[in-house]
Amino acid sequence: MIYHEIYDVIVVGGGHAGTEAALAPARMGLKTLLLTHNVDTLGQMSCNPAIGGIGKGHLVKEIDAMGGLMAIAIDQAGIQFRTLNSSKGPAVRATRAQADRVLYRQAVRTALENQPNLDIFQQEVVDILVENNRAVGAVTKMGLTFKARSVVLTAGTFLAGKIHIGLDNYAGGRAGDPSATMLADRLRDLNLRVDRLKTGTPPRLDARTINFDVLAKQHGDAELPVMSFMGAVDLHPRQIPCYITHTNEQTHDLIRNSLDRSPMYTGVIEGSGPRYCPSIEDKVMRFSDRNSHQIYLEPEGLSTIEVYPNGISTSLPFDVQMGIVNSMKGLEKTRIIKPGYAIEYDYFDPRDLKPTLETKAIEGLFFAGQINGTTGYEEAAAQGLLAGINAALQVQGKEAWFPTRDLAYTGVLVDDLCTLGTKEPYRVFTSRAEYRLLLREDNADIRLTPIAHELGLIDDARWARFNQKMENIERERERLKQIWIHPQSEHLAVVNELVNSPLTREASGEDLLRRPEVTYDKLTQVAAFAPALDDKQAAEQVEISIKYQGYIEHQQNEIERHKRHENTLIPAEFDYDKVESLSNEVRAKLMQHRPVSIGQASRISGITPAAISILLVNLKKQGMLKRGEL
């Protein structure tokens, strides 16, 4: 049976990638359908109850700057907010929020149900409809076919998912949910490279059986941050602390003595796990010189007794999990509510994707989230947003859009995936970005909101707020330029208390703010420079843009030099076989990856600077040398 209505975009999956992928085209005015196996798990936090962190918080800010949902949802659901690396430079400062799972899921579902142009339908998808090498719809388990002009697949860990607890295993997409076996089988028939990855989750603990009195307490920041540029502190629910315990030698001995019952160490699990979120088995074996690992006990919400022990992800048998938990301080009598487990699932080689996240093999079919080899809610959501945007643009007959590495962490993420691929679950770090001083959390809206406005992704209120902020920044910078303090000034004594070395010549407000020891807050407490802006976001931007102006300009100059070749396009029809001076190995890699630009080609493993020079010469010789906006 074919559904009577034809959609512009169909999104398969209602996780963090799927929700952003569905909201984007709907906001752009396209008729969108979100297909999910269970509407009650829309926006479900399957693993850790937190959003943000190093690199991840940057992604959340970028999603928000483009009108996405994640930051707004966590502002309504965050029960502990912290700014990480607050004592370091602005490039690596990151916001992290502990979440109430129920409140977060409610915020996501409310947003989806109130979004114009978006329909939601509960049914498992078993097939992607492909005609003339183009995705044109999705088929559900009940035999109902939905037709569309583009399809975004965000299946998470559900494709041929297999859950492991000890040496026992069974099919499942996550605990309590079935595996998408039929869809996985169908996708394996397509012209796409597929492999297996693994991830895991710790057991959930009963808070009533934890002795919190003997544990170190960790509070959130006294001055609460917000995640969304449109957010406000009064949107946050009640704030509560987390607690800290540690593994010990008893814990480690138990783990070492149980490896013969571990699915990872007996070869039952073949997929690679996340390097930067290893299981407790891996931590004990890889860091054998350490006799203790820190474990964070994170409440799962305000209305639940469940506690997430961050740091003991495991697939060991249940009796071993009980022993691990009870071996730690404060957890001697703790009960487990849900066992930890590992899950193995299909993912597709992201090198088979265009930077728009459209598959190279099938037109109109976009992939986003964990099926591209990533790990993390934030990475999934960023991909979902990008895939949804490009699915919509394709339907509208408009030029595709994706961010470059110097524009957004989303650009770094996608370029890494599409160019290098991954053999283990990929996560974002600030260290992956060459231009991280320009890709800060605080300026994500300055980088991306004007683009979002052009694409039709943001509403009038956000656009007005953005323009007001930009006016405030410009006006305040100009004001500080115009105010001067000289050696005879009546305010000199107060100013000299702020600076490490007394003023010997006149200085403007901008000059003073460039000094490392002078902050905007301190400067504007001096009568000559008062009053301070009441717009905190604009005030922060004024201080950073002045204090780091020289570094920012240097990095921008670097980008301009790099862009001379970064954006030199390689036409899809370019024939590498005709470039005889390339080695067979280089030629094979270029033909395999089909990079869209010289910049992308230069990041492929094994492609030398000499090979890039040869490519440029041949592009020029064939009259194909042209630069474009990527």
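Each Cβ is built from the backbone N, Cα and C atoms, and glycine gets one as well.
Per Swiss-Prot, the feature FAD binding site maps to GLY13, GLY14, GLY15, HIS16, ALA17, GLY18. What Swiss-Prot records for 273-287 is NAD(+) binding site.
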What subset of the binding-site residues GLY13, GLY14, HIS16, ALA17, GLY18 lies within 10 angstroms of GLY273 (NAD(+) binding site) at the C-alpha level? none
So around the FAD site, GLY13, GLY14, GLY15, HIS16, ALA17, GLY18 aside, which residues have their CB within 8 A of the centroid of those CB atoms? VAL11, THR19, GLU20, ALA21, THR36, THR154, GLY156, GLY369, ALA380, GLY384
In Å, rounded, how far does the Cα of GLY18 (FAD binding site) sit from the Cα of PHE287 (NAD(+) binding site)? 37
Might you list, by sequence position, any residue in that chain lying six or more from CYS277 (NAD(+) binding site) with a Cβ less than 8 Å away from its Cβ? THR199, SER313, THR375, PRO425, ARG427
Around the Cβ of GLY13 (FAD binding site), the count of other Cβ atoms that are within 10 Å: 29
On a simple 10 Å Cβ count over all chains shown, which one of the binding-site residues HIS16, ARG275, LYS283 is most densely packed? HIS16
Look up MET285 (NAD(+) binding site) in the DSSP assignment and reduce it to helix, strand or coil. helix
Spacing of the two Cα atoms, ARG275 (NAD(+) binding site) and HIS16 (FAD binding site), in whole angstrom, works out to 21
For GLY14, GLY15, GLY18, GLY273, listed as binding-site residues, tell me which one has the smallest number of other Cβ atoms within 10 Å. GLY273
Long-range Cβ list for ALA17 (FAD binding site), cut-off under 8 Å, min separation 6+ in sequence, same chain only, gives THR154, GLY156, ALA368, GLY369, GLN370, ALA380, ALA381, GLN383, GLY384, ALA387
